[in-house]
Each structure stands twice: as structure tokens, then as C-alpha cells.
Amino acid sequence: MSFIYRRAAQMLSRCAKGGGIKEVLHEKEDPSIKKLYFILHKALEDLDILNQVYAEHLSKCCKNKFLGIILLCVLVQRSKIDGGGKLKREILKRQKEILHLYNCLKEKKQSNTQNQKKKKQLAKYFIIYDQDRNSDALNELKKVLPVEEDEDVEGLYKIGSDQLSTLIATPTYQKHHVRIIDKTSCLVVQAGNIKQGMVIVDVCSAPGSKAIFALKLLKEKGYLVCIEKDKKRCFTLLQEIMKQNKEFDGIYLDEEFSEENKLALTEKIFLAKDRGTNIYYIKHRRSDMIVKIFNVDFFELSIDHFASLGKVDVVFVDPSCSSSGMPDFAHKESMRRVFLPEGEDWKGKRYGEEGAKDGLSPQVGDIPPEEETSTHDFHDDVAEGRIPKVPPSFQEKVDKLSQFQKKILNHALDTLRIADTFVYSTCSFFEEENEQVVESVLKSNPGICLEKAGKEKFLFSRGRSVVSSQCVRTFPELHACRGIFVSKFRRHSSSEAPPFFTEPLND
């Protein structure tokens, strides 16, 4: 059997544990990356169908479900499997039946899709770096693309998603004058009401969209502190910030910007195991703009690490979440249903209990048919602008994330006492990660009140929570962008009356 199939199965296993497809593909250099991407993409696209085919035809002869699904994917896409081996022979014996079942299930899925209302296509958004200096960039793009200015965010432009490859091919993009950015990141930053000269702290900063849009609004004057725990993501963050402005002179290891402490930003140097440095500074040529990056766990930082700032205007807290507002959540949800956490079957039983043979995981063919369509309500709710319930296979993970989100937001409020405004956001639809976090933090911090987090058109008026109407929520079908939740907190003095709500300041 071809080694590439086992490699693809390993990658599918990594995706099932929460890794993004691009992240998993680029973990190691691989000359077959294009083939691997094709196999993974097709496997995820048809995962529910391939899972049913696996349960019917392969579950007894192939205990490695990841490999079984990859081989089935290759068979239905190419009508052949490279290499040899017993497993390949078993699959080819059943080839006719496998392809018949696959085609029947695929036809049924396509029929169901056609019967649903046509979904609104997500737009693609971008900003132009240093637009004052690159005044011709927009006109150059308009010669080859139908560019529109976004109606909600100044300086944000949009095109149809089918025009993305054309944008990437333009000289303007190739020269790093343009950055593709999602509108939702801009809505988060917009909630901070950023002005030139402000001091900003961005917690959980990578990959850098919020930081870059904040820098655009600071207009080369101010102080931005970014915090990112993961070293690889921090490297990406530094790269993206350096692209943002040609006036950034370099990365330094001290705030005095001494030349002997200037860092050549290469992946090999930055990721070196013996490098103990975890604070970096980016120098602007006119010294009015400083960017400081902490490559540390935010929970290791205390009040003392921020005391030199004097006062912080806005703190952004955008922690890890379920990503249920992202387009690829459907794949993640399918993987959770297909590849259950070790030790539990679909009915909540431990392996080895009644109904599980020889301590092995039960086969998906045993799942009642109605459970396989559990995504239907989630997608209908999102399509119609309602807050969906957490799918059962995600509940435990979401509950853990909710506890972490409360912890990190409370830590931010406690550690950054010199800050007045906090913007908490997630790319999740679920109340557990959003309104419930906000309510908990408000109750734990009597000196904090909630402000409206954006324009009236984005404030969610149909939520069950008392705080929903103050918070921004976007839905792909309604707003042509990913799903986002944004809330805005402000410290109030003891003389101010409202413990929970106040009218927005200068919004």
C-alpha cells in the first residue's frame, strides 16, 4: 500500500483532534503536500458518507478507521488504490458494492442540498497597508476587480469569494500592499473605538488580524502590546506585523533598540530551542509607534509587566474557542461524530461495557439513523440568525472552553487594572462561550459595566440573556461574513450608578 495513504490517515487523525487542515499539512515538509491536501479535502468533504460506507463494508477488516476512510476516499475519487497488501485486496473485492453505496448516499445528499434554500455567499475582505502612501493601490485593483468599500468598516474593501485568486495574482498583492482580513476581526477592533496615540493590549494575538487593523487605526502613533503563548504562532505574528508598514525598522530584543540586539527574523533562529528570549520590540523609524510582543503564557504576566505603560486605553481578549462561527466547523463537527473521544461510545458507555465487543470501539453503523442528522438543527439555526445549541459531541469541549474563557477574562481584568476598556470576543455561536461568560464576569467584577459593542444592526436583540442586546453577533447568511461575538466592558467608578449597563462612550 502506498505510504501516502498512511500519511494522510495520520493527518486525518490530527484534524480529528482539533488541528486545522492547513496547520496539519505544514507541520512537516512533505513533497507530496498537494496530493495530501486533495485526499484530506475530499475525505472531509464526504466524511459522513465515507463513514457510512466504512461501517457497512470495512469495519470488520480494517480497525484503523482513519486509514479505512482515506482508502475509501481514494477509491471513489480515482477508482483505484496504489500499492498492494491484504487490505487493498479486501477493498477491491467489495469495489462494486462500495461504489454503489457511495453513489446512492452522495446522490441523496446532493438532493437534500438542492432542496435547501441557496446560502448567501461569504464575501472576501481586504485592507490596503499604509493607504496614504499607497494611494494608487486601490485604483490599480479596481482595474481588474469589482472592488466595493464595506458599508460598516472604514478602510475595509470587499470582493466576491470567486475573485480571491485574481486578487492574489495582482502585483499590488504580491508586493505586500494588501492584506486579506475577515470583516469580523475588524468589527472586534472597531468596538475598541481606537484613536491615534492610544495604548493597546492584544491578548491571544496571533495570527495578527486584530493587531494589524489596530495598527492601521493608530496611524503610526501609539503603543501596541501583543501577547502570544505559542512560539510558531508568535513567529507568524511578527512576520505579519513587519509586512504591515514599510516604516518598521526591525525587531529588537530591548526597548532601547540597540543594534547589537537586532534580530534577523528567520524561522530557524526564532524557533531555536536554546533561545531564552520571550519579549520582542518592533521599532518604527519615527519613534512615535512601538510594538511590544510577549511570547509567553498570559497567565504568567502580572501587574508589574504593564506598570511602565502608565495607562492602557483598550484591551482585546480573544481566547481559544470552539470556532463554531468558522466555515470549517461543519468538518470539525462531522469529525467529532465520526471519531469519538477515546473511551466513550455514542450512547455514553465506556468501551468494554455491554454493547462494545472485545473492548473495541463500536462501529458507526450501530448509530440510529436520526442521530446522523444532528447537524441539521445547528445549520438551520445559524442560517436563520438564531443562537444554536451545542451539538452533543461538542458539549464537553465547549464547557471546558467556557471555564477557560472566564478565567482568562478575569485575569485580564485583574492584571490590567490600569485599563478602562476591555473587548471580549470569540468566533463561536454558542451561549456558553459568549453570554454566559459575560454574565459570569460581570457578577465577579462589580466595578465593571457593559457597553454596546457595535452598531445597532449587529446588536443581538433575540437572545435569552439579559446581556445579548449589548453584544455584537454576526451570522454568515445575514451579514456575509463569519460568525463572531463581541462584548465591551468598561470600568466605572463607585459613584456611577449602573452595575451592568451603560450607554456607549463616543461610539
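Glycine is treated like the rest: Cβ placed from N, Cα and C.
The DSSP secondary structure for Cys427 (active site, nucleophile) is coil. The Cβ neighbour count for Cys427 (active site, nucleophile), using a 10 Å radius over every protein chain in view, is 22. As annotated by TrEMBL, active site, nucleophile applies to Cys427.
Sequence-distant neighbours of Lys210 (S-adenosyl-L-methionine binding site): residues of the same chain at least 6 apart with a C-beta under 8 Å from its C-beta are Ser185, Val188, Val189, Asp202, Phe316, Asp318. Feature annotation from TrEMBL assigns S-adenosyl-L-methionine binding site to Cys204, Ser205, Ala206, Pro207, Gly208, Ser209, Lys210, Glu228, Asp318.
What TrEMBL lists as domain 'SAM-dependent MTase RsmB/NOP-type' is 114-492.
Per TrEMBL, region 'Disordered' is recorded for 350-381.
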10 Å Cβ neighbour count around Gly208 (S-adenosyl-L-methionine binding site)?
26
Specify the secondary structure state of Lys210 (S-adenosyl-L-methionine binding site) as given by DSSP, simplified to three classes.
helix
Starting from the Cβ of Asp318 (S-adenosyl-L-methionine binding site), draw a 10 Å sphere and report how many other Cβ atoms land inside it.
22
Whole-number Å value for how far Cys427 (active site, nucleophile) lies from Ala206 (S-adenosyl-L-methionine binding site) (Cα to Cα):
14
Let's check the environment of Ala206 (S-adenosyl-L-methionine binding site): how many other CB atoms sit within 10 Å of its CB?
23
Neighbour tally for Cys204 (S-adenosyl-L-methionine binding site), based on other Cβ positions within 10 Å of its Cβ:
20
